[in-house]
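**Q** Before I ask anything, here is the structure I am working with.
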Amino acid sequence: MSLLVWIEQAQGSAVPSCWEVLGQGRKLADALKTPLVALVMGEETEATAAAAAQYGADTVLTLTSPLLARYRLTAYAAGLRQAIQEADATVILTSATQNGRELCAAVACELDAGLAPDVVDLRVEEGQLVATRSIYSNNILVDVTFTTPRQFASVRPRSFPMPEAADAASAEIRELPLSLDEEQIPEKILEVAQTDGGEISLTDARIIVSGGRGVAADPARGFQLVAELAQVLGGAVGASRAAVDAGYIPYKHQVGQTGKTVRPDLYIAAGISGAIQHLAGMGGSKIIVAINKDPDAPIFSRAHYGIVGDLFEVLPALTAEFKKRLGQQK
Amino acid sequence: MKIAVLIKQTPDTAELPKVSADEVRTGDVKAAMVINPWDEFAAEEAVRLDERFGAETVAITLGGPEATDALKHALAMGVAGAKRIDDSQLPDGDIWLTATLLAAAVQAEGEVDLVLTGKQSVDENSGSVHVGVAQKLGYPLLTNVVEIQEVEGGQVRAVRLVDGARETVQVPLPAVISVGKEINEPRYPSFMGIRKASRAQIPTLTPEELGVAVPDSHVRWDRIRKPEERKTQVQIFDGATVEEKAAKLVDALLAEKVI
Ligand SMILES: Cc1cc2nc3c(=O)[nH]c(=O)nc-3n(C[C@H](O)[C@H](O)[C@H](O)COP(=O)(O)OP(=O)(O)OC[C@H]3O[C@@H](n4cnc5c(N)ncnc54)[C@H](O)[C@@H]3O)c2cc1C
């Protein structure tokens with residue numbers, strides 16, 4: 001028996017939210033008295049495997065092959081199945097990234113096992129795994145328990161704290177041969193166009209500064225001010241659907257029910273009214289700050305801190321102030 | 001070419017906050033119901049593929065009699081046919097049971113080339129049903145597709161949006177594709193379309209007719225509840241100048257240790 005966590009790689013390095021899952025996996029494995037196994041797949045796996053050991057895995061399994069250079073469901077599902085068998089894993093966890101959700105579901109279905117997708121909490125109660133899902137756009141919570149011996153869950157990014165990496169680690173790292181060849185993989189990737197170089201992904205971001213239709217007077221400058229504040233804070237840029245629909249910024253920045261669900265430590269909403277569909281995507285943020293001209297904007301009823309004012313004045317003032325303070329600290 | 005579109009009836013997104021734990025527990029949600037917004041993109045794409053390449057299109061849902069309305073919406077948009085799998089005798093929604101039934105209904109259509117669906121439902125938002133459908137059918141799966149470039153020679157070539165990149169991928173048909181919202185702009189049903197749809201007779205299938213034995217559920221749902229209200233009292237920072245307000249906010253955020 002074991003508890004297995006897939007450590008996803010993107011552009012050659014580990015996706016940060018996978019460490020959150022591995023950190024919680026450590027606690028669950030201890031409670032279940034079972035070893036913690038990390039799985040790393042890719043064209044290169046060495047650095048991520050070493051990091052997985054530092055983040056607390058007892059064993060790290062690697063599958064290293066050019067066939068795994070980019071995520072393809074068929075190839076990755078075959079690799080995950082091999083690892084599950086090798087580690088005799090009964091609990092299998094992934095981060096609920098786009099790929100993590102899909103891979104977790106595909107292999108759970110193949111093995112006819114119970115699945116809890118996109119969970120926000122995962123714990124052991126009376127020796128049983130209990131997963132909490134947040135559904136109906138975060139308006140309903142439900143505890144999921146499993147009736148199958150194998151149990152799969154994908155964990156929404158930022159549901160658990162980032163674990164501390166140990167300086168030295170003594171996990172066993174074991175390479176598995178991928179028993180699959182190119183002919184058996186139906187997905188042929190013909191072309192890859194990189195869309196964002198080095199931008200922080202919204203789902204992993206600990207700080208997000210978002211802009212809404214409030215930038216309408218000068219959208220380009222508005223989002224430039226949003227981006228400048230985000231940059232000073234080391235955060236990502238988000239947006240409301242109104243801003244996306246108006247063409248101020250691409251869809252990949254959209255936060256909300258039909259955009260991304262985010263859970264940063266700090267969410268700054270500038271010129272965003274706070275419609276329920278927007279709240280659905282960012283309501284789980286730890287601290288919410290609203291900047292809005294209208295003191296009655298609904299966002300203020302969900303925010304912790306607010307400034308009533310024009311974002312074209314408030315954002316530059318905040319950026320300047322943070323520069324001053326953060327500069328002093330470092 | 002034959003295309004099956006999988007759709008679900010869900011509460012209107014603006015109504016989601018009003019849904020009570022009891023309604024979810026009993027499965028009797030009283031909110032205004034619509035076609036799942038994500039599935040509208042799939043229905044639209046089916047109609048467009050028909051316009052481009054000529055296709056036989058059918059919308060399939062799993063739900064009670066009221067879910068017929070979601071199918072009629074798809075019909076009014078221009079999808080040619082519709083089928084409903086009746087779920088009234090089924091235990092609470094199990095993802096793999098849902099996937100098994102939808103896959104069986106697709107198979108019952110004969111030679112389907114493409115199965116299209118939205119990326120998730122706005123109510124249970126598992127984003128897993130179409131993954132299960134692909135597994136049960138044994139078809140390749142492409143998720144978050146934002147452009148279907150070509151369907152020919154037994155292959156489909158499509159562009160997927162993945163974190164940080166647009167990938168052009170080719171898979172052999174038949175295949176399952178979930179679409180993202182950038183793929184199209186769903187049309188409003190025309191008056192004629194609505195009239196035609198309102199008169200449509202929609203066949204109902206039962207699990208028995210589809211030859212699916214209802215298995216034990218793979219998971220149990222307990223303690224269905226509303227999340228605790230976040231009692232946040234917003235603190236608004238005042239000041240003579242915007243700089244002063246900003247300084248107060250920065251103080252507060254540094255004290256919260258979120259930066
Ligand atoms: C099915 C469905 C799905 C949806 N999904 C999403 C989603 O995923 N994400 C999402 O965000 N929305 C979504 N929406 C849309 C949502 O209902 C709102 O329309 C949208 O969030 C509004 O965006 P906004 O707050 O930027 O714009 P508005 O509602 O127009 O608000 C703009 C705000 O900016 C303020 N403002 C104006 N000028 C300034 C200034 N100079 N300085 C400071 N403040 C200023 C105004 O007071 C106002 O509060 C969805 C809607 C539907 C029907």
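Cβ from N, Cα, C; glycine included.
No curator has checked TrEMBL annotations; they are predicted automatically.
Residues or ranges marked as domain 'Electron transfer flavoprotein alpha/beta-subunit N-terminal' in TrEMBL: A:3-189. The FAD binding site annotation in TrEMBL covers A:R213, A:240-241, A:254-258, A:271-278, A:N292.
Situate these features within the shown structure.
**A** For the domain 'Electron transfer flavoprotein alpha/beta-subunit N-terminal' (A:3-189), the model's pLDDT averages out at 96.
In the three-state DSSP reading, A:I272 (FAD binding site) counts as coil. Taking a C-beta cut-off of under 8 Å and a sequence gap of six or more, A:I272 (FAD binding site) has these contacts in its own chain: A:S210, A:G211, A:G212, A:R213, A:G214, A:S240, A:H278, A:A290, A:N292, A:I299.
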**Q** Using a 10 Å radius around its CB, how many other CB atoms surround A:R213 (FAD binding site)?
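**A** A:R213 (FAD binding site): 19 neighbouring Cβ atoms within 10 Å.
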**Q** Using Cβ atoms and a cut-off of under 8 Å, determine which of the binding-site residues A:R213, A:Q254, A:Q257, A:I272, A:H278 neighbour chain B, and list them by sequence position, or give 'none'.
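**A** Of A:R213, A:Q254, A:Q257, A:I272, A:H278, the entries that lie near chain B are A:Q257.
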**Q** Including all protein chains shown, what's the count of other C-beta atoms within 10 A of the C-beta of A:H278 (FAD binding site)?
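**A** So the Cβ neighbour count for A:H278 (FAD binding site) comes to 27.
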**Q** Taking the Cβ of A:A275 (FAD binding site) as the reference point, list residues of the same chain whose Cβ is under 8 angstroms away and which are at least six residues distant in sequence.
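**A** Correct list: A:S240, A:P298.
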